[in-house]
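**Student:** For 9-26, 46-65, 89-122, 128-149, the entry in TrEMBL reads transmembrane segment. The domain 'DUF1468' feature in TrEMBL is assigned to 10-154.
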Amino acid sequence: MKIRYNREIISGAIFVVLSAVLWFLIPVQVQTLEKTPINAQTFPRIAIGGMFLCSVGLLLEGIFVREKQELYVTKESFRSNAFKKEMRSVVFALLLIAYCFLIGHLGYIVSTILLVLAVMMFYKARKWYYYAIPLGMVGIVYYVFKVLLHISLP
C-alpha cells in the first residue's frame, strides 16, 4: 500500500486544533478571582498562544514549502529500524500519560520517582549516577516548591 502524506501539515493541523481547545479550556481549568492583567491564567495563555503560532507556522510550511512524501507499507516495514524507533517514541509517550494519571493518585514524589526509574530502565541506563541525578532533582524540586515557596504539590 502506498500512502502520500505531508508531516508538517498533519502535525500542524493537529496542534492548531489542540491549542485552540486548550485556549478555551483555560478559564474553566485555571480559575482566578483576580482582575489584574497578570494573573494565574497569564502563563498558560502565553504558552498556548506560542504553541498556536508555531503550529500555524508549521502548517503554512507544509502547505507552501514541503513536498508530500510517499510511504510504502509492507510487512517488512513493521520490522524496520525506523518503525522500532517510532514505537519507542510511542512507548515513551504512554509512560508520560501514565505519569499524568498516577500523579493524582500517588502524589508528586512517588509518581515522579516511578517515572524516572521507568524512563531510565526503558533507555537501559546502567550507571548508578544516571539514576542518582534525576532522583536527586526530584527531591530538590520538591524541597524548593514545598519548603521555600510554600506551594503544594499533588
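Positions of Cβ are set from backbone N, Cα and C atoms, glycine also.
Each of these features: where is it, how hidden is it, and who are its neighbours?
**Tutor:** Residues 41, 44-45, 48-49, 51-52, 54-63, 66 of the same chain lie 6 or more positions beyond the ends of the transmembrane segment (9-26) yet place their CB under 8 Å from a CB of it.
The average pLDDT computed for the domain 'DUF1468' (10-154) is 87.
Taking Cβ pairs closer than 8 Å, the transmembrane segment (46-65) reaches residues 6-13, 15-16, 18-20, 22-23, 26 in its own chain, all 6 or more past its ends.
Sequence-distant neighbours of the transmembrane segment (89-122) (same chain, 6+ residues past either end, Cβ-Cβ under 8 Å): 130-131, 134-135, 138, 142, 153-154.
Within the chain carrying the transmembrane segment (128-149), a Cβ under 8 angstroms from the stretch's Cβ atoms is held by residues 108-109, 112-113, 116-117, 120, all 6 or more beyond its ends.
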